[in-house]
Structure formats: C-alpha cells, structure tokens
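Engineer: Structure in structure tokens, see below.
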Amino acid sequence: MGAASGRRSPPLLLPLLLLLLPPPPVILELDPALQPGNFPADEAGAQIFAASFNSSAEQVLFQSTAASWAHDTNITEENARLQEEAALLSQEFSEAWGQKAKDLFDPVWQNFTDPTLLRIIGAVRTLGPANLDLEKRQKYNSLLSNMSRIYSTAKVCFPNKTAPCWSLDPELTNILASSRSYTLLLYAWEGWHNAAGIPLKPLYQDFTALSNEAYKQDGFSDTGAYWRSWYDSPTFTEDLERLYQQLEPLYLNLHAYVRRALHRRYGDRYINLRGPIPAHLLGNMWAQSWENIYDTVVPFPDKPNLDVTDVMVQKGWNATHMFRVAEEFFTSLGLLPMPPEFWAESMLEKPSDGREVVCHASAWDFYNRKDFRIKQCTRVTMDQLSTVHHEMGHVQYYLQYKGQHVSLRRGANPGFHEAIGDVLALSVSTPAHLHKIGLLDQVTNDTESDINYLLKMALEKIAFLPFGYLVDQWRWGVFSGRTPPSRYNYDWWYLRTKYQGICPPVVRNETHFDAGAKFHVPNVTPYIRYFVSFVLQFQFHEALCKEAGHQGPLHQCDIYQSTQAGAKLRALLQAGSSRPWQEVLKDMVGSDNLDARPLLSYFQPVTQWLEEQNQQNGEVLGWPEYQWRPPMPDNYPEGIDLVSDEDEARKFVEEYDRRSQVVWNEYAEANWNYSTDISTDNSKLLMEKNLQMANHTVKYGTWARKFDVTNFQNATMKRMIKKIQDLERAALPTKELEEYNQILLDMETVYSVASVCHENGTCLRLEPDLTNLMATSRNYQDLAWAWKSWRDKVGRSILPYFPKYVELTNKAARLNGYQDGGDSWRSMYEMPFLEEELEQLFQELQPLYLNLHAYVRRALHRHYGPDVINLEGPIPAHLLGNMWAQSWSNIYDLVAPFPSAPKMDATEAMIKQGWTPLRMFKEADNFFTSLGLLPMPPEFWNKSMLEKPTDGREVVCHASAWDFFNGKDFRIKQCTSVNMEDLVVAHHEMGHIQYFMQYKDLPVTFREGANPGFHEAIGDVLALSVSTPTHLHKINLLSSGDGGYEEDINFLMKMALEKIAFIPFSFLVDQWRWRVFDGSVTRENYNQEWWSLRLKYQGVCPPLARSQDDFDPGAKFHIPASVPYVRYFVSFVIQFQFHQALCQAAGHQGPLHKCDIYQSKEAGKLLADAMKLGFSQPWPEAMRLITGQSNMSAAAMMTYFKPLLDWLVTENGRHGEKLGWPQYNWTPNSARLEGPFVGSGRVNFLGLNLEEQQARVGQWVLLFLGVALLVATLGLTQRLFSIRHHSLRRPHRGPQFGSEVELRHS
C-alpha cells in the first residue's frame, strides 16, 4: 500500500547499535521571516493568521519533504542527519505557529462561523511531536530515522554464506510471490521478521512513550485517539466493527477455499483443514494479499490466464511505460496529466548504482503546487501495474487540491486518499480493459471466466480486509497501554489468528517483534485508512460506473474514457479535507455512511460459488483448532535452496522424459550392436554412449536434486523425481566413471568370449558346448573337468577386476546417499525390512527344498556310488546338470520318480516336427495374444537375434530382452536351441517384452517392473501354463494332456528341479554380494565365503579343493555383469502367487499345477492392468491388482508343490533319509578325480595336468608329496566349509531393473 505525502518505505538489514549512530543533529533556528506575527484574537484575525501560515508552511514543508526524499532515495548517515535537522525545523515551525494559534484563538475558535477556517485552526493548533522539549524532540526524530533505516536496510542472508543477501524488494518479495517451496518460503519469512523486527522493538517502545506524551498535550488520550480523530466520528470504532462483521462471511468462505487448495499442495503435515493457515504460504510477506497464489487456487485453470504479467514482459513494457499507461487512464477521464517535475524527479525503478533506498511505493507532495513525485521500485508485473495506478491516484489527488490551504491538502479522510487509485485499478484489472490496452487477446464473458476473475480480485481485496482492520487494532492497544511491551508479539499474533485465521510458521516469542516487520509500523503510517479505503473504493466504483452509464454486473465495469465519471471524481478530489468527509461522500455516492453493500454486490457471484464449493467439500468455516501450529520441516534450513514448486517439477520431468528417450535409445542401440557383435569398434562406441548416458544422468539427476519433493501432493511426480535423483554410477567423477565402465566391459567381455581348451586344441564355449556337456554327461571326470576349467578360465580372470569394481560401486552408492552398493540395490524394493522378509520366505520354502535335496542326493548316490556321494553330506556341485547347480532339470532322467511313466519332455516332438527358434517365439507370441495381450510388433521380428549367429561373430549369448525406448522397438537376444527348456525361456523373455509394451506410454522413469522381481515373474507365469501337459497337448507337443498320479508326480518333480532347486541359489548370490559390498567379506575370503553360503543354503560343495586364488562367483554371468540377483528369488515366489490368482480369474478348477490360463481374457486383463503400472506405483499396488492382497507369500508355491512334497516326505521316510547335510565338511573322494580328461591324452594327478607316462613314474617318486598334498587339501577343505554367521544388515535403497534375465539351460 502506498503512503501519501512523503511517507517512508522498505528494504532490509540489522541496524547498527545506537551507540554507533551519529551524534544528535545540530540545533538550528527557524528563519525569523517564518515566525508568526501578531494577529487579532478574533475570526477576522484568524483568517489573516491562516493566510500567513499557508505561505510560510509551504516553504517549511518543501524543505522537510525534500530532505526526506533525499534520505529515502539514498540512505546515508549524512542524509539521515539532514533529514533530522529538517524535521527539527519543521517541528519548531509547528510549535511556533501552533502555540500562537492556541494563545490567540483557543478561547474563541470553536465559535467561528467559517467551517473551513475552523478546520484550518484545528489543524494548526495540533502540535504533536512539537509539544516535546528539544531533547525529546531530537530523540523522537532520531527514533523515526533509525526505525526507517533498520527496516529499509535489513537483509536476509543465505545460510552459512555472506552472499547473496536478499533485500525485501525485490528479492524477498519475489520469493514470497513465486516460490512454492515450503522451506524457502519459511526461511525468507523467518529471516525477514527476525532481521527487521527484532532490533526495532526497543526503539518502538521509546517511540510509543514519546508520541503519547506529545499528543496528550494536544488533548488526546494517546496517539491512537489522535489518529482516530481524523475520521470525525464518535462511533468510528463501532462502525468499523459493524463493517467487518458484514464482510467476515465472505472472508471465511475465501479462507476455507484457499486452505483446501493449499492442503492439496502441501498436505496434512503443513495444512490443518480446521486450523489457521501458516502465514508464509499466501504469496505475500504479511499474508495481506493472496493474488500471488492465484495459480494454486484458480477455479477453472483451462480458462484464459488473467495475470497478464507474461504478456507485459513479452511486449517489452518497462516501468516508465506502466506509469504512462496509468497517466493515460486519468487523462481519459478528463483529469490532469502528470506535470514535468513528476517525470523528471520521480524514482520509478530501484537504482542500479548501489544506493540503499526505501523501496516501499509512496507518493509525495512537495507543497509548492508543482512538484509531485512517486518513489517505487517498480517491477513489470500486473500486480505492480495496479500499484502504479494506486500511487498515481495519490498524485492526482495532490494535483486536484493543490489550491486548497496547506492544512486542507489531505484526503477527506485518510481512506479517501488510499481509495482513489484503487478505484481506477478496479477498471484497469477488468478483462475488457486489459483487452483495450493490448494485454489480453480476447474477452471471454462466461460464468467460469467471471468466477476466475472475481476470485483473483477477492485474493487481493477480500483477503486484505482482516489485515487492514487488525494492524491499527494492535497499535491502538499499544498506544493505550492495553498491550504492554511484554505482550507486543503475543497480542499481534492473537489478532492475526483471530481475524485472519493465520499462524506463525515457526515459534515466536517476546524476543520477536513481528509487527515491526511491516513497513507502516516502524514508519508510523496509520493503517486503518486501508480498511476504510477498501470499503470506500467500491462505493466510489459503483457511483462512477453509474455516471459512466455502465450496464451489467459491477465487476465488469470499466470507466475508462468516461469524462462524466471523471467530472464526478474531480469534484471529490478538489475538496481535499476542506469539508467533512461525510458530506463529500454524500455528494459522490448519495450516502454519508461507509457501506459494505457495493463491495458485497461486486463479489456476489464468487461469494455464491465459494459457498457452494465449501459445502460440497464439507469445509469448516473458520479455524476451531486455532492453537494448531505446523511442524518444522526436516533438516531446516539446509534445504531452503531446493525447489518445491510442482509446476516447475512437471516441466523438468517432461524435458527429462523427452531427452531420455533419445539418449537411452542411442545407448540401447550401441549396447545391442556390441552384444551381437563383440568387437573393438563396437566396444568403443558402447563406451561413448555409456559416457553420454552417464552425462545425461548426471545432468538431470543433479537438476532433480534441486527439488524438494517432501511435500509434493502429486505422488507420481514425487516418485519420478526421487528416482531421477539417484545418479547411480554416474555420480562418480568422470575419470572413475570411465574406469568403472571399462571394468564392467572388460569383465563381461572376459565372460562372453571365454572358451576352455583340451590339450589337443579342441576348445569349448559356454554356449552351447559346456552347457550341453554339463546337461547331458554323466561322466564324473568329464563334468569335473568342465566345471573346473570354466572357473579357472573365467573366475580367475575376473578376480583382478573385482575389488576395484566393488570399491567404485560402493563409492557411487554413497554419493547417492546409500550406505554401500548392496544398500543401493535393495532400495528398489521399497521395503525397510527386505532381508528379514526374504529370510522368512526362504524358511517357509526350506522344507520343500530339503526333501528335494535328500531325494536327489539318494538318486545320485545310486548312479555315482558312495565314493562321491555322501547321504549325509553336501552334493558335489558339478553333478546337478548345470554349471552352477542352480537348476537340476537336466538330471531328471536320473531322478524321475516313475521312469516308466510317459515322458513329458516335448523336446523330441519339437525336433520331429521341425520346430525352429522362430517357431518357438511365434508360439510364445500366440500364447500372449490368446490372453488379449499385445502381439509382438514388426520391429521385434525384424531385429531380434533369436539364434546364435553362424557368421563367426562373437556374441553375448545370455538371453535378454531389450527395450529401445521409442515405444515400438523391442527385441530379444537369445542363442536359442530347439528344446522344451528354451521354449520356456522364450516365454520368459517375451514376458519382458510384453511388460515393455504395456508400460511404453509411461514416462521413461517408470518403464520398468513394479520391482525387479516382477519383470522376471511375468514370463515365468505364462511358462507355468506352457509347461503343463494340458498345454503341450494343445500345441501338439504331447499326445495326451491328461495323466495319472505317476505322471503328475513326474511333472511336479521336473518343475521342482527347475523351481525349487533354484530357490537357495537365487537367495544366496546377493547374500554374498551384499556382504562383499558392506565389507564383511573381503578379497582375502571371497571364495571361502562364497562356498560357505552355497553349503549353508544349497547343500552343495566343490568337487575339487578351492583356494583364495580361485574366484568361483565370477564364473556366474551376473557377477561380472553386475546384475542384481535376488530379483530371481522374488520372482520365483511371486510367479506362483500370480499363477494362483490368474487361474482363479480363468475359472480353473482342480490342482494348481494343472492350470493352463491359455486363451483366458480375464486372466490377461489382470496381468495387463498390473503391467501398465510399470514402476509408477509401489509394487504392493501391482500385487494387489493381480492377487487382491499386497504381500509376498510362499503359500501359493507350497500349494502348487503340495502333492510332490507329500510324495517326497513319504519316499524319504521310506529310505530313512537325513534331511540336510549334517556331515557338512565332507568332500568327494579325490582318488576318483585321477584319470584321463576326455580327448586330451593327459591325466590329472593330484591336481597336476600330466602326460600318462609322467603320472606313472611320478606316482612312486611323489608318493610322499601326494600324501602330504592330500592332508593339506583336507585341511583347507575343513576351513573352506566352516559355516560363518553374519549379521543381517537392514535394507535401505537399491538399483533399477536391468534387462538381463536369468537363463536356465537344458
């Protein structure tokens, strides 16, 4: 609010102590020519006295105002001193003339017949501060100067920094207006109230005492009584209360509506729907005007934006142009243009030369009838355009009444002066007028647009009413003594809560002086004038609109260019304060009372709308929980520079998503090219794209970290940004990132291109050679050679890289806020007790595994004999049909419960029928589409690698599904063999593709599984149906789909060899890695701890002695490829939960293991709905969509295998099997390891690879060494298999899904 005539303004900084202030000003004497003469003590003499006073007062007031202007536009000690000197001279003048008026006319002046003279003498005889003696007068002036300086130079500095420090205008004002960050707003609010308010309190106490002392000598009870006297009404305070009660319902409805909108943004933590609103959230430092949060509360956001700030900026408006536009409005009414002095001398922008100035907008009358100025740090905004009209309204008033006696150059009452500019602003802000001046393209006169406009006006006008009312309620209490200094702040907040329904956002006490943080308090500008003006301006507006011939709703009136309205306004302005304001008001509006009815009429449409909205929402009007206060934000104030504006966040994620699709697509293409053609060139390109991806991640992740999402009400936005904030490996410094990427590439390359060779030069690759050997051979020595050779070649080669990989993984994790790499990986599950819950699931499944283990061990004992199989010990790891003993389905022929029953392996039929890898994937596609799911797109068939190339290329054979992030390109890379096992794998991989396609329209951030296990489970769910004899019969791979009990047990055994056998391995791999990451497993015991866990959970042991020179974990793809593994454990549990739920949806009746959901659209819909969520919601929501509940459970898996478990328990009982491996330190007879390796012509003699002749001679020569070696081996084995107990660490955070998937080979 602008002050009239020479009022001071704002800025910010803690003041100097009074002891450091300059000495009191030099005592100056009033020019004798300005002293009053002698006049007759009658009415005629009073007329001469008034004329003489007028000419002298103009000179003194000009000098005083000029000194104040010089100070307020350049705050220096020298200018402060000159201002105080001018104030003393002005007070000396007032004392001389005021005392003369009292001496001459006090006995007679109230009987004067000239009412104008009566008003002049009454004004002159009021001395105010001039009543004080010189010493007190000097102190009074010094207090005013210092209070103004403290307020105007106060600054708020950024935490722990000396710069930048914020001034009130423009920095803090802009923050309060535009920021939506709860913590930044809080810091700005608290900082300003502390910086400006606290140092003012002792000065204000002293000012109050001196001011009261001065006005009591004029016959007033206190300063407040003097201020109220300007309104010439004995019932003034009662009239104000009556007006406020009339207007309060409108305010309460606005308050409730805005509180609800803020609740949507800030949530329950910071907004209580039955309590007051925290004062810093309303777009203004004092919560007096709320239009800056219009974007948060706009009723109909799709309608044209009525805040034309952006248009003003686009059109190049500047401060001068804004004032020219305002001037043109006045002149269009036939009123006066601004004089040359106005344009030459005004300060319309904040100076850029470093001067401290009082930025608070104010209009100045220099009392020489030609010099009128405005001081405003104007910003190009719509709000400031209204302020420009407001301030120019003051100047127009000065121009119109400049011919009046100097004592009457005031508004009819102070509210009149404040109302004039605002009356014009009511027209300026209408859409019709904004269109006329080129700031709005079109005017939309529909109900929704009207409600938008009126709500915007209500945020300015109605929101202000209680504040406009309470400020002087508080000051009148201070002046009267009802509010002593010990209760300054308490009473201030009592009134603000009582009338405004706001509360301080931080704890306040009597060390604070929050009233002093409002310009008008330290600058001693009475405030009730603004409340009065907000009522008057609508009375004026209604009268002027009528004069202008306006037809229609009052809020649509624009008096622009109406000279009739201008003439009526001119008559009011020219009267100044020469007549009672009631008379002037009656001439203007036809009534001599303040009346709220025009205001209520103006806002009637939005009042009705607010009432309806609040009733619909069940809003509580008022704040019954008035004592509620918001909690302090976590880690305040460290995070104040973070952005919490959801609109800004939305723009960020939109840009991130657009760019990510490009970057991720390029990376996927480079990765594909390398994986399908391992070459130096492709390696280099992949490294380049890897670095590009890292740079992208760093750029946007760093940007994302500038957002504080704590109070985001949009959960999706919050989730997205939190995910982007995790930079993963890209958090590493550039050199270390390059090193890390090279390590990963080197490790994966070692794994992918490795081959093992016989002495005769025959070399075997993992795919398909070693895999087939492990699957089909039953020769103990051949299997041992393949098992050991692979680990010698791959594991030992990877070991040198691994410690550095661990170090950099941990460093990246810690840079992202995690404890270590394992903590980071676990975070993807969003489960605070992930490890404990996984352990619980494992324990639930362990009985099934132990019975399967005992049964298989008995079968292997029958085949290999007691020398290498101990019925109470672990199973040698190379005998289970798989390089890692993770899936045992390849030894089904050795363990089949009923070998004479019909076989259910469709491999033979597939080969006979001429199936190809392409046919296998077409069949998988058919399964998905039969459920109503999406078919594979053309790009899939054109670009996938479904077979191992025959052109000599080195490829990564490990099956994987690929999303190229363009919404149409999805591929599978698989070295497919024609067998039933790979048919199942084809469905698994296509499950990933189906997932990709279902969530392809989500933001890139959410294009992954609900948790990593979900992605793995989807394809396997379908495989559970595909594997059933019923389904194999449907697709003509089995002659019959129905079997008896024996066939059922055989089928379940085959499934258990794949599913149950895998459970402990999938559980332990990351148990080992998590311990490596947390440091409890070090390089010195990598291998020992690996085998300790494999023994503990799987009950397997190495077939040969292992040492710390070996690195057997590295022989498993996911270790060098850095792919988290516990996802597979999770997927194996939840796939059975999904299967059970989908079978129920499909209407299946009977045992769960016989269910085939093929062609069930109902099951497909459940699956599709869950997949469409991607990662957009926590995984329990996706689980609930499919299963109806939100927890992982082993119950469905146990139900599926219940018939087999019953059979196993009976069978194991019949043979007296020991469950578990009590003789855990047993190892297979090493003598069985001697003998020829297949095709090599060489033998292994006590671990040495020798020619046969060398071995025979060496048997005798090295007998003693052999015995010693055997003893040493047994000792080492004892140490290897000692079971260690490690404390489980609590999970926290983790990585995102990688496209590599588990492949179980046949």
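Cβ coordinates come from backbone N, Cα and C, glycine included.
What you are looking at is a predicted structure, and each value in this text was computed from that prediction instead of being measured.
Pulled these from Swiss-Prot:
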ACT_SITE  GLU391  active site, proton acceptor 1
BINDING   ARG791, TRP1090, ARG1094  chloride 2 binding site
CARBOHYD  ASN54  N-linked glycosylation site
CARBOHYD  ASN74  N-linked glycosylation site
CARBOHYD  ASN111  N-linked glycosylation site
CARBOHYD  ASN146  N-linked glycosylation site
CARBOHYD  ASN160  N-linked glycosylation site
CARBOHYD  ASN318  N-linked glycosylation site
CARBOHYD  ASN445  N-linked glycosylation site
CARBOHYD  ASN523  N-linked glycosylation site
CARBOHYD  ASN673  N-linked glycosylation site
CARBOHYD  ASN760  N-linked glycosylation site
CARBOHYD  ASN942  N-linked glycosylation site
CARBOHYD  ASN1191  N-linked glycosylation site
TOPO_DOM  1278-1306  topological domain 'Cytoplasmic'
Engineer: If you compare CA-to-CA distances from ASN160 (N-linked glycosylation site) to each of the binding-site residues ARG791, TRP1090, ARG1094, which comes out shortest?
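Structural biologist: Sorting the binding-site residues by distance from ASN160 (N-linked glycosylation site), the top entry is TRP1090.
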Engineer: Using a 10 Å cut-off on CB atoms, tell me which of the glycosylation sites ASN318, ASN523, ASN942 is the least crowded.
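Structural biologist: Across ASN318, ASN523, ASN942, these glycosylation sites, the one with fewest Cβ atoms within 10 Å is ASN942.
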Engineer: Taking only the Cα atoms, work out how far GLU391 (active site, proton acceptor 1) lies from ARG1094 (chloride 2 binding site), in Å, as a whole number.
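Structural biologist: Their Cα atoms are separated by 83 Å.
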Engineer: Most Cβ neighbours within 10 Å: which of the glycosylation sites ASN445, ASN673, ASN1191 is it?
Structural biologist: ASN673
Engineer: Measuring Cα to Cα, how many angstrom lie between ASN318 (N-linked glycosylation site) and ASN1191 (N-linked glycosylation site)?
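Structural biologist: That comes out at 61 Å between the alpha carbons.
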Engineer: Show which residues of the chain containing ASN74 (N-linked glycosylation site), separated from it by at least 6 in sequence, have their CB under 8 Å from its CB.
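Structural biologist: Sequence-distant Cβ neighbours: ARG355, GLU356, VAL357.
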Engineer: For the glycosylation sites ASN54, ASN111, ASN146, ASN760, which one has its C-beta crowded by the most other C-beta atoms within 10 angstroms?
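Structural biologist: Its Cβ has the most other Cβ atoms within 10 Å: ASN146.
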Engineer: How many other Cβ atoms are found within 10 Å of the Cβ atom of ASN160 (N-linked glycosylation site), counting all protein chains shown?
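Structural biologist: If we count other Cβ atoms within 10 Å of ASN160 (N-linked glycosylation site), we arrive at 7.
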Engineer: Within its own chain, what residues at least 6 apart in sequence put their Cβ under 8 Å from the Cβ of ARG1094 (chloride 2 binding site), listed in sequence order?
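Structural biologist: Long-range Cβ contacts: ALA877, ALA885, PHE1065, LEU1068, VAL1100, CYS1101.
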Engineer: Using C-alpha atoms only, work out the spacing between ASN445 (N-linked glycosylation site) and ASN523 (N-linked glycosylation site) and round it to an integer in Å.
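Structural biologist: On Cα coordinates alone, these residues lie 43 Å apart.
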Engineer: Given the recorded chloride 2 site (ARG791, TRP1090, ARG1094), which additional residues of the same chain have their Cβ within 8 Å of the Cβ centre, ordered by sequence?
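Structural biologist: The answer, listed by sequence position, is ALA877, ASN1087, TRP1091, PRO1102, ARG1106, ASP1110, ASP1112, PRO1113, ALA1115.
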Engineer: Could you state the CA-to-CA distance between ASN1191 (N-linked glycosylation site) and TRP1090 (chloride 2 binding site) to the nearest Å?
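Structural biologist: Spelling it out, the Cα of ASN1191 (N-linked glycosylation site) and the Cα of TRP1090 (chloride 2 binding site) are 30 Å apart.
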Engineer: Taking the Cα atoms as reference points, how far is ASN942 (N-linked glycosylation site) from ASN111 (N-linked glycosylation site) in Å?
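Structural biologist: The Cα atom of ASN942 (N-linked glycosylation site) is 108 Å away from the Cα atom of ASN111 (N-linked glycosylation site).
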